[in-house]
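**Student:** Take a look at this one; I'll ask things after.
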Amino acid sequence: MSKITVGLIYGGKSTEYEVSLRSAKSVLDEIDKDKYNIRLIHVLKDGTWRTTTELSEIDLENSDAETLYIVPGNQFKTDKGPVSIDVMLPVLHGTYGEDGNVQGAFNSAGVAFVGCNTRSSAIAMDKDITKRLLTLAGIDVARGIVLNDYECDTCSFTDASEKLGTPMFIKPANQGSSVGVFKVVDEKEYNHALSEAFKFDTKVLIEEAIVGREIEVSVLGNEELFISVPGEIVSNVDFYDYESKYLTDDGATLMIPAEITEDEKIKIQDVAYRTFKTLDCEGFSRVDVFLTETGQVLVNEINTLPGFTSISMYPKLIEVSGISYRELLDELIHLALNRHEKEVALMTNNPLF
């Protein structure tokens, strides 16, 4: 049986660039090289795609790797000629990686790819649109205010605090890993946080602070879904920000599985399932929720390309639920190829002409 060629793509024009490289290293270490030929594709911060089949080094910025080009309808090429890739495995995080942009490029190239489709990737990246759809589906989310950059002066600290109370959280609508997120309690912090958040996006969310436990669930599948045991982020700091997540070793403790009741587990898994389906997700995602003292479950966000580093919650939850990291990669590739096969079979010609 011939090997499947996997394009492992990482890096990107994103604030989560460094996290992506760490995810790629973990995937490269674990993927079954007896089953797959691996082609590294490093998206540099300027958007250039560099590629090689030499697996000794993840960072290709200063290497002799070739530039990779997308050929719509005909996959990819370098200056040396066509490049054949059976399936793309993206571990791109944040903007231009999990927001539908690169997924659209894969569609144009006619290549299978792991993870959510273009539509659900774009929807889930926008926290405002996500919350609107979840609310319509009867799924609880935190109360909030949405501000665009052209109306940033229309909501003062007093206005926001009267509606949401304090503390509040201010965050860009289209970022991940807590990039550009601020906890604020007074007017000075509020104004500073808005100014900083608008550096990352043209749309910002102001949200009430939810007093509750931070629970995460991994979801795997296309039509039939595998829902992991819930895990808990027990923060050792006041606010679990980007630095706490990735730059320190003691920012939080991961409790897997979470110490919750069976009823709470079932409720959280149901919310994760309905969130995944409501947003039309495919492949895999991680659903992050709050569990309050009264038993209310509120969705914080859904991450359609969750981290795959050695400390990342998504693969850890899946592993504790009975699927190893290597088996997870096999299943993700299988799901991508299966979806692509169905999409290729769809009609593209109007039968009336």
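Any Cβ shown, glycine's included, is placed from N, Cα and C.
Owing to the predicted nature of the structure, the values given are computational and were not obtained by experimental measurement.
Pulled the feature table from TrEMBL, pasting it below:
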ACT_SITE  GLU16  active site
ACT_SITE  SER177  active site
ACT_SITE  SER312  active site
BINDING   LYS127, 169-171, 177-178, 207-214, 300-301  ATP binding site
BINDING   ASP288, GLU301  Mg(2+) 1 binding site
BINDING   GLU301, ASN303  Mg(2+) 2 binding site
DOMAIN    131-334  domain 'ATP-grasp'
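Give me the local environment of each listed feature.
**Tutor:** DSSP assigns GLU16 (active site) to coil in the three-state reduction, outside any helix or strand. Using a 10 Å radius centred on the Cβ of GLU16 (active site) and all shown protein chains, the other Cβ atoms total 25.
The Cβ of SER312 (active site) lies under 8 Å from the Cβ of SER23, SER26, PRO306, each of these being in the same chain and 6 or more residues away along the sequence. Taken residue by residue with DSSP, SER312 (active site) is part of neither helix nor strand, so it is coil.
Shown in sequence order, VAL181, PHE182, VAL184, TYR190, ALA193, LEU194, ALA197, VAL204, LEU205, ILE206, GLU207 are the residues of the chain, 6+ apart in sequence, with a C-beta less than 8 angstroms from the C-beta of ILE170 (ATP binding site). Look at ILE170 (ATP binding site): DSSP puts it in a strand.
Annotation note: ASP288 (Mg(2+) 1 binding site) sits in a strand segment as assigned by DSSP. Around the Cβ of ASP288 (Mg(2+) 1 binding site), a 10 Å sphere holds 18 further Cβ atoms from the protein chains shown.
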**Student:** If you average per-residue pLDDT over the domain 'ATP-grasp' (131-334), what number do you get?
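**Tutor:** Residues in the domain 'ATP-grasp' (131-334) carry a mean pLDDT of 93 in this prediction.
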**Student:** In the structure shown, which of the binding-site residues GLU207, GLU301 has the fewest Cβ neighbours within 10 Å?
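**Tutor:** Candidates: the binding-site residues GLU207, GLU301. Fewest Cβ atoms within 10 Å: GLU301.
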**Student:** Return the residues near ARG213 (ATP binding site), defined as same-chain residues 6+ apart in sequence whose C-beta is under 8 angstroms from its C-beta, sorted by sequence, else 'none'.
**Tutor:** GLU232, ALA258, ILE260, PHE290, LEU291
**Student:** Going by DSSP, is GLU207 (ATP binding site) sitting in a helix, a strand, or coil?
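**Tutor:** It is in a strand.
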**Student:** Checking the recorded positions GLU16, VAL211, ASP288, which are within 10 Å of ASN303 (Mg(2+) 2 binding site) at the Cα level?
**Tutor:** ASP288
**Student:** Using a 10 Å radius around its CB, how many other CB atoms surround ASN303 (Mg(2+) 2 binding site)?
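**Tutor:** A 10 Å sphere around the Cβ of ASN303 (Mg(2+) 2 binding site) contains 22 other Cβ atoms.
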**Student:** Could you say which of the binding-site residues LYS127, VAL211, ASN300 has its Cβ with the most other Cβ atoms inside 10 Å?
**Tutor:** LYS127
